[in-house]
Amino acid sequence: WAGGAGGELSRAEKSRPGPGAAHGAGMVLQEPAGAPSLSTAAGGVGDAAAEVQLSRLRWAVLLLFSSYSLCNAFQWIQYGSVNNIFMRFYDVSAFAIDCLSMSYMLIYIPLLFPVAWLLDKRGLRLVALAGSALNAVGAWVKLGSLKPHLFPVTVLGQVICGLAQVFILGVPSRIASVWFGSHEVSTACSIAVFGNQLGIAAGFLVPPVLIPNVEDVEKLAYHISIMFFMTAGVASALFILVIIVFKEKPPNPPSRAQASIQSRPTAEYSYMQSILRLLCNINFLLLMITYGLNVGCFYALSTLLNRMVIHHYPGEEVNAGRIGLTIILSGMVGALISGIWLDKTKTYKQTTLVVYIMSLVGMTVYTFTLSLGHLWVVFVTSGLLGFFMTGYLPLGFEFAAELTYPESEGTSSGLLNVSAQVFGIAFTIGQGQIMDRFGTKAGNLLLCSVLFLGTIMTAFIKADLRRQQANLENE
């Protein structure tokens, strides 16, 4: 680890054991002997709080979270990616299938604050247990909906999975801050978001392969049951692993900024006051709106993608899924590059603005090439769109953590997600109605205009990097 703003150590310092060094196999990156304590910078924090170490378990925790987040995201989009097949199987309208996707968004909005409060008061482990358990329960409930008249049962299973999502979406930046050092925190957040995006990618790819568009209802039920059984088995295994592996936090803080937060007396923290402070932070409010506009467009695009592609390319259900996969996979690359770039440069405002502009460009190109009649063109343009639009997700979380430090990352990212869910519902319904009446190009132009507005608003956000400043001062 190279020396830098976050208080990381040079090679020479690492080789010099300090007093109280942890020699256990699970701990690395011990602060050097004679390192300044936080007593001055953090207002009376003792020498123990200055002992900054990185735990090797952090990667296992991150991988496990990404895995059950993946499983939950897969269940979000598994109906939408074969929208027309589930419409025929359950004999319901396209809007009813769209509502299975929108249920995730609707459930999140009223439950954000209770779950964010729970995350602050009871910690990461309880929230991880609840999220992975609900995800498994919802998957098993869906197995009871393998008859055409049992659509309400599949709705119940999806609602339970939507409840699980409330315990998942606001966690990436919290895991990154609690478990990872200052020079890897953005990368860790990107990997945590990466899992969710990989789940959406699998949700686009797997259902069209497992569920062919056959007329026989019994055969269709058999193919659907294979997907539901696989999902339930994976979700249950991940829940068991969370019980065994997932820990609340490492024995020592991974960064100076985290040490300062952990040393703060509990009585000093008020959840409601934290929310009020966030809502009075103009830069965060601007980010919350622009994040909601961008991610809301992504939610609408993901939900309605099958309908768009099938409209222009009838019978191409499998390729519609592959186009969705292309959007997500390119976005995952974009998210990972964004995280690494932020860790190296700390240029949060500039990077966010550039990615936003390129999301607008990608959406515009996608809009005007979708109807050309060449599937390979749609693959290329959707890949460009996904690289920037999906790559924006971890940028928003990390920029919010910087703008709102020392407030809880769970609260700030939760508010971002509420904004995304509200706009996602509005855009999904609005674009769906416009597509039905005026065609897919008109619906996509709505998203283009929304991204243009978001780009203008992003330019007005001031880069007040409070977490970075805390690391510099505490060093």
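Every residue, even glycine, has its Cβ placed from backbone N, Cα and C.
Note that TrEMBL annotation is computational and uncurated.
TrEMBL has this to say about the protein:
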- 61-466: domain 'Major facilitator superfamily (MFS) profile' (DOMAIN)
- 1-22: region 'Disordered' (REGION)
- 59-77: transmembrane segment (TRANSMEM)
- 92-119: transmembrane segment (TRANSMEM)
- 126-143: transmembrane segment (TRANSMEM)
- 149-171: transmembrane segment (TRANSMEM)
- 191-210: transmembrane segment (TRANSMEM)
- 222-246: transmembrane segment (TRANSMEM)
- 278-301: transmembrane segment (TRANSMEM)
- 321-341: transmembrane segment (TRANSMEM)
- 353-369: transmembrane segment (TRANSMEM)
- 375-393: transmembrane segment (TRANSMEM)
- 414-430: transmembrane segment (TRANSMEM)
- 442-461: transmembrane segment (TRANSMEM)
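Panel annotation: around the transmembrane segment (414-430), residues 98, 101-102, 104-106, 108-109, 112-113, 115-116, 169-170, 275, 278, 284, 287-289, 291-293, 295-300, 303-304, 396-397, 400, 446-447, 450 of the same chain, lying at least six beyond its termini, place a Cβ under 8 Å from a Cβ of the stretch. Here the transmembrane segment (191-210) has long-range neighbours at 62, 65-67, 69-82, 168-169, 171-173, 175-176, 223, 226-227, 302, 305, 317-318, 320-325, 327-329, 331-332, 335-336, 339, 390, 393-394, 397, meaning same-chain residues at least 6 beyond its ends whose C-beta is under 8 angstroms from one of its own. Per-stretch counts of Cβ pairs under 8 Å to the transmembrane segment (278-301) identify 375-393 as the leading one among 126-143, 149-171, 321-341, 353-369, 375-393. Note on the domain 'Major facilitator superfamily (MFS) profile' (61-466): its mean pLDDT in the predicted model is 86.
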